[in-house]
Amino acid sequence: MAGALKGPGPLSLEERRKSKGKMAGCHPYFNLPDFTQPSPPSTPSSLPSHQRCRPSDVTKGLLVALLGGGLPAGFVGPFSRMAYQASHLPSLELLICRCLFHLPIALLLKLRGDPLLGPPDVRGRACLHALFNVLSIGCAYSAVQVVPAGNAATVRKGSSTVCSALLALCLESQGLSGYDWCGLLGSTLGLIIILEPGLGTLQEGTTGLYTALGYVLTFLGGLALSLGLLVYRSLDFPSCLLTVAFLFGLVGLVGSVPGLFLLQTPVLPNDPLSWSCVGAVGILALVSFVSVSYAVTKAHPALVCAVLHSEVVVALMLQYYVLYETVAPSDIMGAGVVLGSIAIITTQNLSCEREGQVE
């Protein structure tokens, strides 16, 4: 009996470990992590989508047109006028000097192994684009000698904007949003406000005739610029930007050198101011040319031309502070309207791409 009532003997060490394992599996307080084992490396959580936002192509194009196209181009007109006032530098000679800055691009094309004139199937359109740009710049440089720099830039940019909108709408069937049309009409209204007092006070006689001819040349320059931008949008091949930049210099030299000796008298500047202005015109114009050519492949040509109206504001400021030419209250009012229209266009088109989608 005493043996039957005898309780179980002491548990061995292995049995006690098994008992603790069963208790840990059935009681919540024993479900503790094993700190003796190394924890797996934690993977960083992916960033939210709003932190992976990047500017869209339209936004990039408009910003490049504003900072790289409009602002540098605003210095070209006043500097051209300064060179003419200092040494009576002819417009075609200034165009030749500008074209010389485009020729070194041939070295980049040679290093890349690309043909200088572009592929044979698009060579004609590339040369046509260069011809339109040479005509546009030639008209602008000729007009700036008889028309104030701010007014010349106003007419050229205004006509290029209107013509670009109409050409893109008719030929490419590429429409614009309501905000874009509002910005275009506002910028055009600002240009009219700037230009109207000057057109209303044209003098009679030879001086008035030359002034009117200068405004006609600036309008034709804007029309040629819009045609050039439209042709450039149809070009699509590697190193397109470098090719058209080189062709501009080549076509400009071929057309300007004979015209200089036939229509004008070459002048060799002998003062540092003229050479400084010529160098500044060549560098700034090259930067503006490349920026506008890039921007027009990303955004609508009319929007690019509208953003380029910032050139007018810069030209008016230099006209007043550097050239000491009168700036009327209407110029200031029109410049404000232009800046407001640029803000509308740029703000409406500011967007970003998130995970391949445009917002």
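For all residues, glycine too, the Cβ spot is worked out from N, Cα and C.
Small disclaimer: the values here were computed from a predicted structure and weren't measured.
When TrEMBL is compared with the stretches 1-26, 183-208, the one noted as region 'Disordered' is 1-26. Note: the domain 'EamA' (213-346) comprises 106 helix, 0 strand, 28 coil (DSSP; helix = H, G, I, strand = E, B). Beyond the transmembrane segment (273-296), the same-chain residues lying 6 or more positions past its ends with a Cβ under 8 Å from any Cβ of the stretch are 61-62, 64-65, 67-70, 72-73, 75-76, 79-80, 82-83, 86-87, 89, 94, 97-98, 100-102, 133, 137, 229, 232-233, 241, 244-245, 248, 304, 307-308. Long-range neighbours of the transmembrane segment (239-261) within the same chain, counting only residues 6 or more positions beyond its ends whose Cβ lies under 8 Å from a Cβ of the stretch, are 90, 92-93, 95-96, 98-103, 105-106, 108-109, 112, 114-118, 126-127, 129-131, 133-134, 137-138, 232, 286, 289-290, 293-294.
Restricting the average to the domain 'EamA' (62-195) gives a pLDDT of 84.
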